[in-house]
Amino acid sequence: MSTSSVPSLTYFQGRGLGQFSRVLLSYLGIPYENITVTEISDALRATLPYGQLPIYRDGDFVLTQSSTIARYIAKKHNFMGKNLEEEFLVDQIVTAIHADIFPAFNNPVPEKLQKLYEKYFGSFEKKLQETGFLVGSSVTLADLYVYVGFDYIRFRGEAALSSELSDEKYPKIAELKKFFESNEGVAKYIKERPETKF
């Protein structure tokens with residue numbers, strides 16, 4: 001368990017579900033302790049509410065479930081939109097990525113995956129073309145989530161049908177990727193991130 005005064009995020013060394021919060025914390029410039037493990041030991045498991053990672057500790061407050069962690073960080077740091085309606089629109093995109101897109105590419109059926117990508121990333125691309133942002137008139141967790149999800153699928157390669165997500169097909173999402181990766185905190189995180197399979 002971390003004894004640091006800054007928040008801590010515990011997850012495996014790979015990108016996986018920890019990537020969303022790691023990129024978010026880096027983008028927002030929030031100091032945190034990035035604790036990586038190779039396995040969930042019995043001692044660690046005993047501290048986990050549901051026996052799984054990632055887990056986020058902010059003082060005495062403990063959260064698990066990757067999308068919940070990201071929402072908490074974003075809400076705490078005013079990155080969930082400017083009002084209640086925008087917050088729920090952000091939440092809608094976060095849920096789509098976690099509930100529909102990620103489970104599908106982990107057990108891919110090419111035809112279904114292609115349609116799923118076109119459905120969601122096509123919608124995201126259209127919204128970015130229209131307004132420049134996925135929700136409201138400023139960058140939110142929704143934009144970051146689409147960037148991280150898009151980038152992770154391409155990182156996973158053809159097993160995840162990554163060729164369907166080209167810069168040519170989704171130029172605005174490609175611009176979103178450049179935007180986040182030009183951020184000093186995100187650029188530093190990417191440079192220091194170890195090469196892993198997942």
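Note: Cβ is positioned from N, Cα and C throughout, glycine not excepted.
Annotated features, as they stand in Swiss-Prot:
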{"type": "BINDING", "residues": "Tyr11, Arg45, Gln52, Leu53, Gln65, Ser66", "note": "glutathione binding site"}
{"type": "DOMAIN", "residues": "5-81", "note": "domain 'GST N-terminal'"}
{"type": "DOMAIN", "residues": "83-198", "note": "domain 'GST C-terminal'"}
{"type": "MOD_RES", "residues": "Ser2", "note": "N-acetylserine"}
(request) Go through Gln52, Gln65, Ser66, the listed binding-site residues, and name the one with the sparsest Cβ surroundings, counting other Cβ atoms within 10 Å. (result) Gln52
(message) Test of understanding: give the count of other CB atoms lying within 10 angstroms of the CB of Arg45 (glutathione binding site).
(response) 13
(message) Let me check the 10 A CB neighbour count of Leu53 (glutathione binding site). How many other CB atoms are there?
(response) 22
(request) Reduce the DSSP letter at Tyr11 (glutathione binding site) to three states and note it down. (result) strand
(request) Name, in the order they occur in the sequence, the residues of the same chain whose CB lies under 8 A from the CB of Tyr11 (glutathione binding site) and which sit 6 or more residues away. (result) Leu17, Gly18, Arg22, Ile35, Thr36, Val37, Leu53, Pro54, Ile55
(message) Based on DSSP, tally up the residues of the domain 'GST N-terminal' (5-81) by helix, strand and coil.
(response) 28 helix, 18 strand, 31 coil
(message) For a quick check of understanding: given the listed glutathione-binding residues Tyr11, Arg45, Gln52, Leu53, Gln65, Ser66, what is the maximum Cα-Cα distance in angstrom, as an integer?
(response) 16
